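Student: According to Swiss-Prot, the protein has these features:
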- Asn84: N-linked glycosylation site (CARBOHYD)
- Asn151: N-linked glycosylation site (CARBOHYD)
- 217-238: repeat 'PbH1 2' (REPEAT)
- Asn219: N-linked glycosylation site (CARBOHYD)
- Asp231: active site, proton donor (ACT_SITE)
- His255: active site (ACT_SITE)
- Asn271: N-linked glycosylation site (CARBOHYD)
- Asn313: N-linked glycosylation site (CARBOHYD)
- Asn434: N-linked glycosylation site (CARBOHYD)
Amino acid sequence: MLITNPALLGILASLVPLALGAPNQPIQARSRKCVIPSSYASSHGTADDSPAVASAFAQCAENSVIVFQEGVDYNIFHPIKATNLSNVEIRVLGNLHLPQDITAVQNIVKSGQSTWFTFQGPRVDWTGADDIKNGWINSYGQAWWDANPANSSSFPNRPHLMSYKTSQASIKNFRSRKPIAWNVKLQGDDITVSHAIVDATSTGGFPFNTDGFDVEGTNISITDSVMFNGDDAIAVNTPSHNIVFARNTIGYQSHGMSIGSLGKDPTDFANITNLRFEDVTVIDALYAARFKSWSGGRGLVKNVVWKNIRTFNVTFPIFVTQSYSDQSASRPGTIDPFSSVMMEDFTWSDFSGTINTYHPGDGSCVTDPCWYNVGLPNLKHTEAIVLECNTESSCKNFRTEGIRLHPQSKDSPSVICMKATAELNPKLGFECKNGTFVPH
């Protein structure tokens with residue numbers, strides 16, 4: 001159960017642990033403990049421990065501690081669903097293993113069980129092992145990525161790893177190795193996530209849709225974590241307010257720190273305020289800071305800051321599109337091309353590092369042109385900033401400052417800017433036109 005990726009090992013070694021607890025401590029003591037037995041060793045890794053796990057969550061659903069034993073392996077061959085939890089700590093000191101039989105997992109997903117772990121209730125804490133060798137969820141996603149058909153971005157019947165809906169809770173030392181696809185859908189209020197690791201690095205096929213945390217809620221922070229994956233490290237969805245993403249390292253073929261996508265369904269009004277992404281290192285990613293909404297969407301995203309972002313070999317360090325496209329998606333209803341999810345009070349401050357000039361893009365491209373190049377005129381891959389506003393009134397109070405991003409080719413950094421008018425964006429920091437980036 002060792003991490004073998006050299007880059008990931010180096011980053012883990014460089015992190016300084018900063019413990020964060022839950023915002024509010026439970027009122028009642030967790031007086032009951034359920035220690036989950038394992039048949040992994042006695043069966044030489046063939047037995048299914050899912051029934052024992054499900055039994056523990058049923059017996060200790062309230063005011064309890066549920067323990068996966070230290071250094072012990074568990075086969076979780078069937079989904080675990082515990083939606084009646086209250087004031088429970090899930091203590092993951094061992095290692096969990098999903099099935100390696102792709103067809104068996106697909107059949108489970110086809111039956112309607114699309115998420116492998118579902119936890120719901122107030123004050124549900126996840127505490128992983130301090131020892132880096134333990135506390136891992138092993139999903140064996142490499143075989144799925146390698147089996148993905150050529151020129152396809154969507155292998156059928158892939159499970160989501162985890163749905164976690166709680167309040168006044170903490171998630172510490174969450175560790176996911178080779179997730180099949182999406183990692184954690186995190187919903188709720190007053191949640192701290194710290195010291196998480198997502199390792200979706202691949203030795204073969206591209207790890208499509210291996211999002212780190214898809215977030216929806218209020219007062220949520222994700223800090224001191226490492227995510228190497230093939231999609232968003234964090235994607236903030238609506239409705240969300242007061243979200244912090246800080247002191248993290250993200251990369252591999254990451255799609256960065258994202259808001260959205262928003263507005264795909266024009267009847268779903270976007271409502272997002274007060275987001276802060278700060279002190280983040282981004283390595284070998286497609287994007288660093290990204291906003292994505294569909295033309296025809298509706299709603300408002302306000303008061304967003306990306307600050308002190310370090311990029312190494314990133315294709316699009318700062319990227320905004322209000323005309324997002326998805327190569328595998330269709331849209332409901334009638335679309336008004338002049339309607340937009342409005343953006344207001346956005347700041348990009350103190351970005352430094354390199355732009356991927358020589359080998360831009362990533363392995364998610366299955367179309368020609370690549371989905372991430374659609375609508376971008378005369379790309380040079382020297383672009384420090386791309387701002388695609390849908391209309392002349394859909395972007396307001398944009399500010400850039402301290403942008404020190406340099407193409408690997410040593411050419412001057414450039415910018416693509418559409419419809420971010422000087423009247424609505426007096427502190428934009430450069431002239432909104434396509435060409436060389438000249439900060440004011």
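Placement of Cβ uses the backbone N, Cα and C atoms for every residue, glycine included.
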Student: Quick check for the class: what is the C-alpha distance, in angstrom and rounded, between Asp231 (active site, proton donor) and Asn219 (N-linked glycosylation site)?
Tutor: 23
Student: Between Asn313 (N-linked glycosylation site) and Asn151 (N-linked glycosylation site), how far is it from one CA atom to the other, in Å?
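Tutor: Cα-Cα, rounded: 25 Å.
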Student: Please compare the glycosylation sites Asn151, Asn219, Asn271, Asn434 by how many other CB atoms fall within 10 Å of each one's CB, and tell me which has the fewest.
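Tutor: Checked Asn151, Asn219, Asn271, Asn434; of these glycosylation sites, fewest Cβ neighbours within 10 Å: Asn151.
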Student: Tell me, by DSSP, whether Asn219 (N-linked glycosylation site) is helix, strand or coil?
Tutor: strand
Student: Please report the three-state DSSP label of Asp231 (active site, proton donor).
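Tutor: Where Asp231 (active site, proton donor) sits, the three-state DSSP reduction gives coil.
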Student: Looking at the recorded positions Asn84, His255, Asn271, which has the shortest Cα distance to Asn151 (N-linked glycosylation site)?
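Tutor: Smallest Cα separation from Asn151 (N-linked glycosylation site) among Asn84, His255, Asn271: His255.
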Student: Have a look at the recorded positions Asn219, His255, Asn434 and say which one has the shortest Cα distance to Asn84 (N-linked glycosylation site).
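Tutor: Nearest candidate: Asn219.
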Student: Using the structure shown, find which entry in Asn84, Asn313 (the glycosylation sites) has the sparsest Cβ neighbourhood within 10 Å.
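Tutor: With the glycosylation sites Asn84, Asn313, fewest surrounding Cβ atoms within 10 Å: Asn84.
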Student: If I take the Cα of Asn434 (N-linked glycosylation site) as reference, which of the recorded positions Asn219, His255, Asn271 has the closest Cα?
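Tutor: Comparing Cα positions, the closest of these recorded positions turns out to be His255.
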Student: Around Asp231 (active site, proton donor), how many other CB atoms lie within 10 A of its CB?
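Tutor: Other Cβ atoms found within 10 Å: 26.
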Student: Tell me the Cβ contacts of the residue listed as 'active site' under 8 Å, same chain only and six or more apart in sequence, or just say none.
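Tutor: For the residue listed as 'active site', the qualifying residues are Gly230, Asp231, Asp232, Ala233, Ala285, Leu286, Tyr287, Arg290.
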Student: Measuring Cα to Cα, how far is Asn219 (N-linked glycosylation site) from Asn271 (N-linked glycosylation site) in Å?
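Tutor: So the Cα of Asn271 (N-linked glycosylation site) lies 15 Å away from that of Asn219 (N-linked glycosylation site).
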